[in-house]
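Novice: The active site, tele-UMP-histidine intermediate annotation in TrEMBL covers HIS167. Under the heading UDP-alpha-D-glucose binding site, TrEMBL lists 29-32, ALA62, 78-79, ASN154, 160-162, GLN169, 287-288, 292-293, GLN299. TrEMBL lists 5-177 with the feature domain 'Galactose-1-phosphate uridyl transferase N-terminal'. Summarising the annotation, TrEMBL assigns domain 'Galactose-1-phosphate uridyl transferase C-terminal' to 184-255, 256-321. According to TrEMBL, the feature region 'Disordered' maps to 40-63.
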Amino acid sequence: MATTFRASEHQHIRYNPLQDEWVLVSAHRMKRPWQGQVEPPLLTTVPRHDPHNPLCPGATRANGEVNPHYEGTFLFDNDFPALQPDAPSPGPSDHPLFQAEAARGVCKVMCFHPWSDVTLPLMSVPEIRAVVDAWASVTEELGAQYPWVQIFENKGAMMGCSNPHPHCQVWASSFLPDVAQREERSQRAYQSQHGEPLLMEYGRQELLRKERLVLTSEHWLVLVPFWAVWPFQTLLLPRRHVRRLPELTPSERDGAPTGSEAGADWDHWQLHAHYYPPLLRSATVRKFMVGYEMLAQAQRDFTPEQAAERLRALPEVHYRLGQEDKETAAVA
């Protein structure tokens, strides 16, 4: 007799219509024992202010500049930028297999808060709102000169971040990066064929199906995409059609979870944010994108539906606050 397909037991591939690529889902692999690398526990004690930390208020950075004693957000030019506004052009290519083009831009760093021992989830709503407003402002400013403005946060040592101070980066470029190009093509093609933005229809479908929703509010959806690559990858979507961060209303900004933002000034584009946490089995075991992932295509180890179910079951209290409550109770 034919075996009935179950996504949680049988490998299959899923299509990502946003980036025009496929992912292999092999949920049965989570049954294998883990003997690979285990990350050290998270640093539990971070000084609130360290005069030697170049992101702290009043600290001296590598280029000799001294930070102001800021009390909210702080935006400054990256001291070691990947993009510079005045880089020369490489000139014409002499062969189609050896193409190079000019790449110009600006890289900035934005500190979210003057304290080093907080992160966005631990900040107050007004403090987070100030960050969202600053993002919208810098998007407007740099977007007037550059076709692409990317806001992203590399959070934690596991993601290569060497500084615990809450901050993100803003890169504006004279060119449209690869992922943005794929997402633009896909959304433009879908709008042309169906008459509405791809991510608007996708959000409606996820609301109806309810299999991958993690959080919903009056203005926002947080879900694990049907095509998610990273184990607990999530996608943040506005409920209405919004192209860019500056278009968000005050109430939408108040309720906005934060992530790596992608917005553009096209009618077929929908503002969205990607979260790519690397964790696989626990806080100390991560997903490695190697071997098959590097040479063939992405592969995930359990289904997006299983990931969404686990995320929905988590308590709303931040784990650090929960830990502080336990420590207080133990002392008492």
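The backbone N, Cα and C atoms fix where each Cβ goes, glycine too.
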Novice: Can you give me the Cα-Cα distance between GLU293 (UDP-alpha-D-glucose binding site) and HIS167 (active site, tele-UMP-histidine intermediate) in Å, rounded to a whole number?
Specialist: 29
Novice: Using a Cβ cut-off under 8 Å and a sequence separation of 6 or more, which residues in the same chain sit near CYS161 (UDP-alpha-D-glucose binding site)?
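Specialist: Listed in sequence order: ASN154, LYS155.
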Novice: Under 8 Å Cβ-Cβ from ARG32 (UDP-alpha-D-glucose binding site), six or more apart in the same chain: what's there?
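Specialist: Spatial neighbours, sequence-distant, of ARG32 (UDP-alpha-D-glucose binding site): none.
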Novice: How does the domain 'Galactose-1-phosphate uridyl transferase C-terminal' (184-255) divide up by DSSP, counting helix, then strand, then coil residues?
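Specialist: Counts, helix then strand then coil: 31 helix, 13 strand, 28 coil.
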Novice: Using other CB atoms within 10 angstroms as the count, which residue among the binding-site residues ASP79, GLU293 scores least?
Specialist: ASP79
Novice: Quick one: mean pLDDT on the domain 'Galactose-1-phosphate uridyl transferase N-terminal' (5-177)?
Specialist: 93
Novice: At 10 angstroms around each C-beta, which of the recorded positions ARG29, HIS167, LYS287 has the fewest other C-beta atoms nearby?
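Specialist: Among the recorded positions ARG29, HIS167, LYS287, the lowest count of other Cβ atoms within 10 Å belongs to ARG29.
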Novice: What are the DSSP helix/strand/coil residue counts across the domain 'Galactose-1-phosphate uridyl transferase C-terminal' (256-321)?
Specialist: 16 helix, 16 strand, 34 coil
Novice: Rounded to an integer, what is the Cα-Cα distance in Å between HIS167 (active site, tele-UMP-histidine intermediate) and ASP79 (UDP-alpha-D-glucose binding site)?
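Specialist: Here the two Cα atoms lie 14 Å apart.
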